[in-house]
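K.L.:
Structure incoming, see below.
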Amino acid sequence: MDGDRVEIDGGIMEGGGQILRVSTALSCLLGLPLRVRRIRAGRSQPGLRPQHLSGLEIIRDLCDGKLNGGEIGSTEITFTPGKIKGGTHIADTKTAGSVCLLMQVAMPCVLFAASPSELHLKGGTNAEMAPQIDYTVMVFKPIIEKFNFTFHCDIKRRGYYPQGGGEVVVKMSPVKELSPINLTERGTVTKIYGRAFVAGALPIKLAKDMSAAAVRCIRREIRDLYINIQPVREPDDQAVGTGSGIIIVAETSTGCLLAGSSLGKRGKNADKVGIEAAEMLLQNLKHGGTVDDSLQDQLIIFMALAKGVSRVKSGPITLHTQTAIHFAEQLTKAKFTVTKSEEEEPGNDTYIIECQGMGMINPNL
């Protein structure tokens, strides 16, 4: 069997967990046995962390696959997928590892399962170096559903760094195939809204300060729009630990959603958290693309699986996106091209990501 394994170098390009997520999800979908070497070689602590291991385990369980080398710190795994089945699956990082990254690896697979799936994902809901669950619900979900599927995401409990303890339940039904998307018209910004949250030992005043600082920052650039960033205190029975943060979303006349977000941490002043998120949003609005930097790479695997040509206008291509494209092309028959956008506004730095998808058909339906 080893002769037929696809060999993946986990240390090139982005050199992090994303290579593992993209390649194991595609291995599962395409029935390709895989070996990944030099896992996360580009990180200060190479090898599998709890969150990556949980992601591998849920993929293994989804398809009755075989996983070797699945322990914390391991820098090489082999994976032999079986048949994707639906049903209830649990993944628990037992840390503040991101539930959103668990969702990223599992979601493409369960779309091509034999029956509906319910994923219980446990860990951090609002974690560093990963999308916040609020981003997943407010931005990722409405845009990703343009590929012609829907999912339901229920935030049972929020969990913060360092102990995690959050839980999200994702329910989705399989599809026959994915439709391509065309996101090339930005339109004009019609509204800006968001939520500034505190949980645990933190007072609501912090949320109000984050919100006010963000509004002031956006107002300098965008004067005529109503900005509604709600300060909220997470109910004690729905949050584990102490945490704070903010997410701000800009919606456009063509239905594009672009965001900026930031997390609070000890010693970081609330105004700074609000301003960070506002500046990230303004940066994402400045480039003229239809998606923000966080969504860019998350679209790649779906574009590769879809039937037909998808086109997305984005800002400068991130290393995460380049990495996702590299491995999607290596494992599927999808073909990507990235070209500088023609109708450049002065000062805009936009690109068209185009993909001729492989047209994955669900063999179970």
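Glycine is treated like the rest: Cβ placed from N, Cα and C.
Automatic prediction, not curation, is the source of TrEMBL annotations.
When I checked TrEMBL for this same protein, it listed these features:
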DOMAIN    13-338  domain 'RNA 3'-terminal phosphate cyclase'
BINDING   Gln104  ATP binding site
DOMAIN    184-286  domain 'RNA 3'-terminal phosphate cyclase insert'
ACT_SITE  His320  active site, tele-AMP-histidine intermediate
K.L.:
Over the domain 'RNA 3'-terminal phosphate cyclase' (13-338), what does the predicted model average in pLDDT?
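P.N.:
Mean model confidence (pLDDT) across the domain 'RNA 3'-terminal phosphate cyclase' (13-338) is 97.
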K.L.:
Starting from the Cβ of the residue listed as 'ATP binding site', draw a 10 Å sphere and report how many other Cβ atoms land inside it.
P.N.:
23
K.L.:
Cβ-Cβ under 8 Å from the residue listed as 'active site, tele-AMP-histidine intermediate', same chain, 6 or more residues apart: which ones?
P.N.:
Glu14, Gln18, Gln296, Asp297
K.L.:
Count the residues of the domain 'RNA 3'-terminal phosphate cyclase insert' (184-286) that DSSP assigns to helix (H, G, I), to strand (E, B) and to coil, and report the three numbers in that order.
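P.N.:
Output for the domain 'RNA 3'-terminal phosphate cyclase insert' (184-286) reads 36 helix, 37 strand, 30 coil.
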